[in-house]
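Undergrad: One structure follows; several queries about it will come next.
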Amino acid sequence: MFEVSPVFYYVIAGYFLMTLVIGYIAGRGNKTSEDHLVAGRSIGPVIGGAALAATQLSAGTFVGTVGVLYLTGASYMWYWPGMFAGWLVSAIWVAPKFQQFKGVTVPDYIEKRYNSKVAKVIAAALIVVAYTVYLVAQYVAGGILMETIFGLPKIWGAIITIGITMLYTMKGGMKATTYSDFIQAIIMAGCFFAAVPILYSQAGGFDYVGRFITELQPTLTGWHWQFKDILGFALAFGLSVAIAPYELARMYTMKSQRTVRLAIGFSFIFQAVIAIAICLVGFAMRSLYPIMNNADAASSIMAVNVLPPFVGALIVVAILAAIMSTVSGVMIVSASAISHDIFGILKPNATDKQKMTINKIATVVLSIIPLIFAIKPFDMVQFIVIVQSSMVASFFFATVVIGLNWKRATGTAALISMLGGVATVLIWYLMQKPFGLNEVIPGVLVSTVLLIVCSYFTKPVPEESLKPFFGK
Amino acid sequence: MKRFVMALAAVFALTLPLSAVRAEEGKAMLGKADVSIEVKDGVYFVTEQIQLLHSNHAPDGKLEHTISKLNGVSAENLHISTGNEDLTFEEQDGDALQKVFVQMPEAGSDTFDYSISYQVALPDGEYKLPLFVPMYAAEKGENLVHISFQAPEGMIVQPNSFPIVIENNQNRVESHMINLPSHVSYLFGETAPFFNSHTLISAATLVILFLILFVWARVERRNARRGA
């Protein structure tokens with residue numbers, strides 16, 4: 001536990017209060033499930049862009065990535081172009097069509113495009129399983145952060161962070177999530193960028209930090225990672241971000257196709273600012289602390305030991321914000337998969353009110369389950385935490401990117417492609433990643449080939465299903 | 001897929017006990033470090049009491065340290081000892097940092113305590129004082145590093161120091177940390193003015209954040225009126 005200034009308590013309590021107020025105010029305007037799940041399709045480009053960035057940036061960015069940059073240096077930055085390429089794919093071929101479709105969930109798209117309720121339910125089930133387990137990682141991160149900064153037991157740290165996220169998500173739905181994401185993105189980008197001049201002033205300046213870390217470990221400013229590694233990271237990030245359901249669900253919330261494209265542009269700016277800032281943070285921290293017992297603690301140590309207490313407290317808020325924005329985005333997508341997709345299929349005549357009630361119950365249940373896994377992790381949880389992102393990418397990439405841009409893709413081929421992609425990921429991982437390739441690469445490759453080849457041998461989907469995506 | 005890194009971090013956390021045990025068995029680690037700094041007539045007198053665990057794992061019995069050469073400042077009268085025995089060391093000079101390899105006595109125990117003392121003369125207006133950093137990670141995520149700083153008589157340590165000083169208006173301050181920094185920068189003066197670099201930066205950050213929130217709230221209200 002660190003010795004922290006009381007300012008940390010005030011700032012973090014203020015932040016929690018602010019998110020709850022946003023949740024309450026946003027929730028007052030929600031009359032229907034469409035208001036709740038897609039914010040009444042009212043979100044503009046700046047707020048939307050900030051929300052896309054905030055959802056994408058998780059504790060992984062501010063804890064894990066800063067730690068990796070601290071340990072391995074600048075060459076790790078080369079995964080960002082891969083992620084930006086993923087955003088470009090989304091901006092050109094995916095997001096505008098999703099907005100135009102005006103669905104509510106990603107499985108909605110699967111059902112309509114491929115004319116298959118089975119595919120919709122499978123997609124919803126995968127989202128629920130993969131994302132619920134994925135939240136374990138965020139809970140652990142929240143627990144560790146609160147324990148490190150305030151000395152709270154991990155479990156209480158996780159309960160406080162996730163409990164507040166659950167409350168504002170449940171009350172305010174997508175609008176609260178998007179608005180709080182906006183605030184969170186401003187805090188994340190603003191504070192990390194503001195931290196850089198202070199950090200470098202303490203560390204001795206840019207020139208000195210560069211010379212120091214180069215002499216300490218030349219690979220920090222050279223090449224720590226091989227081309228194969230960087231390609232793997234870049235593809236893994238890019239393929240995932242282009243079709244991540246928690247990002248695609250945000251496209252439904254925006255006003256128009258132009259708004260979607262502009263929002264992705266703004267999200268680029270937010271992410272570029274943060275990418276540069278965290279890289280500089282990693283270097284300066286290596287110069288200030290040439291060795292650490294846990295590189296993942298670099299951001300927290302910066303907040304507590306290097307920065308003025310108010311700015312340091314905001315950095316902790318930024319890390320919490322990264323966790324909370326990802327959790328709320330994931331929670332809303334998972335809960336809607338249950339209330340809108342699975343419950344909607346099981347009970348086609350369900351009223352809007354019933355769906356809303358199920359959604360709120362699902363939000364609570366899906367918040368509690370990862371907590372149990374976080375307390376008592378077992379092998380399968382760890383396994384899914386590692387491969388869930390690859391599974392989701394392999395499941396959705398071909399069916400979304402190709403399905404939105406190629407009329408011939410069929411429902412049967414989509415099912416084979418999704419299941420084949422996931423199976424490939426699992427097999428590749430269990431084979432201990434032959435050739436050192438990240439499992440997402442063969443997963444997406446196999447699902448793409450299966451979708452294209454099987455589409456030529458299976459029954460095309462009716463013209464009616466293609467209309468929302470290809471017009472007449 | 002930043003989530004991939006997060007996943008790795010989570011798995012790391014979930015398997016932490018296992019990796020910690022492995023680290024304890026196979027690597028020299030920092031057990032504790034007690035750093036005492038005093039300033040007299042512009043000269044800093046530094047003593048570092050260091051305890052290393054599993055020190056027998058250090059290759060060839062040589063313990064690696066770094067010391068930064070920030071602003072060209074270097075340590076004088078360097079003395080490294082364990083108990084009453086002086087220890088020999090090799091220096092490897094660089095442009096921005098110096099590496100110092102301390103030779104342990106041959107019949108050393110697994111836990112090795114030693115002391116490094118030196119003096120540094122800093123020019124007026126310069127406060128960044130380099131520290132010797134044993135290149136071994138702390139054993140636990142606990143505050144194993146203790147730094148005490150005694151400012152010259154009649155002076156008080158400023159809050160915009162590094163590491164951050166929580167106590168106000170003290171002549172002597174203490175910091176408890178997990179890791180040893182490459183340097184410290186304790187600013188001191190006869191008074192601690194309220195307006196310093198930290199308060200100004202904090203105020204500017206607060207104003208900018210409120211400004212953004214204010215503009216956003218106005219835009220939202222305007223849009224809401226238009227919608228109505």
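Each Cβ is built from the backbone N, Cα and C atoms, and glycine gets one as well.
TrEMBL annotations: computationally assigned, not manually curated.
Below are the features I grabbed from TrEMBL:
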TRANSMEM  A:6-26  transmembrane segment
TRANSMEM  A:46-71  transmembrane segment
TRANSMEM  A:77-96  transmembrane segment
TRANSMEM  A:117-137  transmembrane segment
TRANSMEM  A:182-200  transmembrane segment
TRANSMEM  A:230-248  transmembrane segment
TRANSMEM  A:260-285  transmembrane segment
TRANSMEM  A:310-338  transmembrane segment
TRANSMEM  A:358-375  transmembrane segment
TRANSMEM  A:381-406  transmembrane segment
TRANSMEM  A:413-431  transmembrane segment
TRANSMEM  A:437-457  transmembrane segment
Undergrad: Answer with yes or no whether the transmembrane segment (A:413-431) touches the transmembrane segment (A:310-338) by the criterion of at least three Cβ pairs under 8 A, sequence separation 6 or more.
TA: no
Undergrad: Checking distant contacts: for the transmembrane segment (A:6-26), what same-chain residues at least six beyond its ends satisfy Cβ-Cβ under 8 A?
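TA: Cβ under 8 Å, 6 or more out: 149-150, 160, 164-165, 167-169, 171-173, 175-176, 179-180, 183, 187, 304, 309-310, 312-314, 316-317, 320-321, 324.
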Undergrad: So which residues does the transmembrane segment (A:46-71) touch in its own chain, when a touch means Cβ under 8 Å and the partner is 6 or more beyond its ends?
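TA: Hits for the transmembrane segment (A:46-71): 77, 83, 137-138, 141-142, 145, 177-179, 181-182, 184-186, 188-189, 192, 241, 244, 246-247, 250, 253-254, 259-260, 262-271, 274, 278-279, 281-283, 285-286, 292, 294-299, 318-319, 321-323, 325-326, 329.
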Undergrad: Take the C-beta pairs under 8 A between the transmembrane segment (A:260-285) and each of A:117-137, A:182-200, A:358-375, A:413-431, A:437-457. Which stretch has the highest count?
TA: A:182-200
Undergrad: Apart from its near flanks, which chain residues at least 6 from the ends of the transmembrane segment (A:117-137) lie with a Cβ under 8 angstroms of it?
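TA: For the transmembrane segment (A:117-137), the list is 59-60, 105-108, 110-111, 162, 245-246, 327, 330-331, 333-334, 337-338, 341-342, 345, 366-367, 369-370, 373-374, 377, 381, 384-385, 388-389, 391-392, 395-396, 411, 414-415, 418-419, 422.
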Undergrad: Cβ under 8 Å to the transmembrane segment (A:437-457), counting only same-chain residues 6 or more beyond its ends: which ones?
TA: 228, 232-233, 235-236, 239-240, 387, 389-391, 393-395, 397-399, 402-403, 406, 408-410, 412-414, 416-418, 420-422, 424-425, 428-429
Undergrad: May I ask which of the stretches A:77-96, A:182-200, A:413-431 has the most CB pairs under 8 A with the transmembrane segment (A:230-248)?
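TA: The stretch I would name here is A:77-96.
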Undergrad: Cβ under 8 Å to the transmembrane segment (A:413-431), counting only same-chain residues 6 or more beyond its ends: which ones?
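TA: That would be 110, 113-114, 116, 118-119, 122-123, 126, 383, 386-387, 390-391, 394-399, 403, 437, 439-440, 442-448, 450-455, 457-458.
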